[in-house]
Amino acid sequence: MASSSSRSLRWSASSSRGRGGWEMERLTAPVPYRVGPYDYSPAVKCLCNRKAPWWTLWSDDNLGWRYYRCPSRLKLGDCGYYAWIDRQTTKYERILLCDLRDAVWQLRKEKTKEQQQVQRVQEENGHLRQLIVQLEKKKDDLKKKMEEKEQLEIMENNNFTCFRRCIEVFALLGLLFVLKYSTM
């Protein structure tokens, strides 16, 4: 069977099954609404000897009923062939099928909402990832500056130590000079 999908308009009136008010929704059929003429066998031919596709109804009164129809379907050259595949359903079966159809549509709506929410979260995560990258870059820059500052401090300490030692050497030399020439 080919998996084609359709969009159908659903008018829902208040009833015991919990629908509220009149609303028009654009929903996808729970199962393929049409099976092409070459997607099933044995062949069923219309009056103009062409293989007829089968269709599925999704109205509340004929929910899930399948039928064959001339491929021209109400156009010029339509032979008017129309034949039901399924038997008439009981009231209980119609209510059950309507409830199942509505449940499928509700689950699809929820799935769409959840997919939109996931997409929003992913977009937010993308923004947060960019912030993390920027913060990591700033952290690396600060780390580099700290290392450079530590290097400068080490060099300054080394220079100061060297200077101090030089002063100590000069002081010792001066002391030795004073001691040597003061005894003379």
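Quick reminder: no glycine exception, Cβ is built from N, Cα and C everywhere.
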Per TrEMBL record, range annotated region 'Disordered' [choices 1-20, 141-160]: 1-20
Averaged pLDDT, computed only over the residues in the coiled coil (104-158): 90
